[in-house]
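Comments concern the structure below.
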C-alpha cells in the first residue's frame with residue numbers, strides 16, 4: 001500500500017501517543033483506497049450535490065466596489081447545507097468511517113459549525129455522535145449547541161484550560177485514544193496529525209476547483225488573488241489547493257489579529273508564533289517564553305486556535321502564499337458592510353477575509369483587479385455577538 005508524505009517541508013508529522021498510531025495508519029490506508037474507489041467517490045459526490053447543495057454560487061458584488069476598478073466575487077460556502085464549508089469534508093470523513101466499520105463519531109468544535117456539520121451528517125448516516133466544545137464557546141454559540149442537540153448529538157462542554165477550542169481538541173483526542181476500535185475522530189480542520197491535513201484538504205478542494213471553473217466561465221481569466229480566513233485553515237486550503245500551481249494567482253490567508261498583534265490577544269501564529277509540537281503536528285503556534293501553548297483570541301470562535309495547518313506553514317515558508325492579519329474591529333466593519341451593501345450576512349470568520357479584500361480595493365481604487373473571497377460561512381450564528389457589541393457602543 002503506497003503511503004502519503006506526512007510532511008509539508010518541515011511541517012506536519014504524526015506526534016501522537018503510540019496507542020493512536022494503528023488508528024492513524026488504518027485511516028490513511030482507508031483514505032488512499034477510498035480516493036481510488038469510484039463507488040466511494042460517487043456516493044460522496046452524490047451527497048455533496050443532492051444533500052449539501054453543491055456546486056455553490058460564485059457571486060459578483062454589485063455595490064461594494066462602486067467607484068473602483070475591482071471586480072470582487074464571493075465563493076458562497078455560506079449557502080452550503082449546515083451554513084459553512086465544514087459540511088464538505090465531514091461528509092467525506094463520515095463515509096470513510098463507515099467504510100472502516102466504525103459507527104461512532106467523536107468531534108471537537110469551536111464556533112459550532114463543525115459540530116453542526118458533524119451532527120447533521122451523523123443524523124443522515126445513522127451514526128452515534130459526541131461533540132466536545134469549550135464551555136466558553138458553548139456560551140457564545142448557543143444557537144449552534146441547540147442545533148447539534150436537536151439533531152441527536154451529545155454535546156460535552158469542556159471546562160479545563162481556557163475552555164475553548166484547543167481544550168475541546170485535547171478532550172476529543174483523549175476520548176479517541178480509549179475508543180478508536182469503534183469510533184472515528186472526525187477532526188474539523190486541516191491540522192492535527194497525519195493524515196488529517198492531507199485528507200481534509202482533499203475533501204475540501206472542490207471549493208477551489210469550482211471557483212476556478214466558475215471564474216473562467218464568467219471572466220475568461222484567472223483571478224489576480226484568492227482570499228480566505230485562516231484558523232486551522234481548512235476553508236483556505238480548500239480554496240488554495242487548485243490555484244497553487246497557477247503562479248499568477250496570489251494566495252492570501254487572513255489570520256485574526258484580535259485586539260491587535262501588539263496586545264498579545266490574537267490568533268496569528270503563522271506570522272507571530274514559534275515552531276512547536278501540539279495537537280499531533282509540528283507547526284507554528286502561539287507560545288509563552290517557557291514554551292507553553294498560549295491562549296489565542298479572536299472575536300470569531302472558529303479562528304480562535306493557537307496553531308495552524310502544516311500546509312499553510314509550508315506555503316508561507318516558501319513564499320507561495322501571503323498571510324496577513326485583520327483585527328476584530330476591521331472584521332466587524334466588513335460584517336456590517338457586506339450585510340448593508342449586498343444583503344449577505346457573513347460569518348465573523350469569513351468577515352476577516354472580506355475585510356482584507358476591502359483594504360486592497362480602497363488602497364488602489366484605480367487598479368483593475370479580479371478578486372475572489374471565500375465566504376466560508378454565514379453569519380446567523382454571530383448575530384447575537386455582533387448585536388451585543390454594537391449595542392454596547394451605542395450604534396443600535
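Every residue, even glycine, has its Cβ placed from backbone N, Cα and C.
Per Swiss-Prot, the features are as follows:
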- 86: N6-(pyridoxal phosphate)lysine (MOD_RES)
Conformational class of residue 86 (N6-(pyridoxal phosphate)lysine) under the three-state DSSP mapping: helix
Intrachain C-beta neighbours of residue 86 (N6-(pyridoxal phosphate)lysine), sequence separation six or more, cut-off 8 angstroms: 113, 114, 116, 117, 188, 234, 377
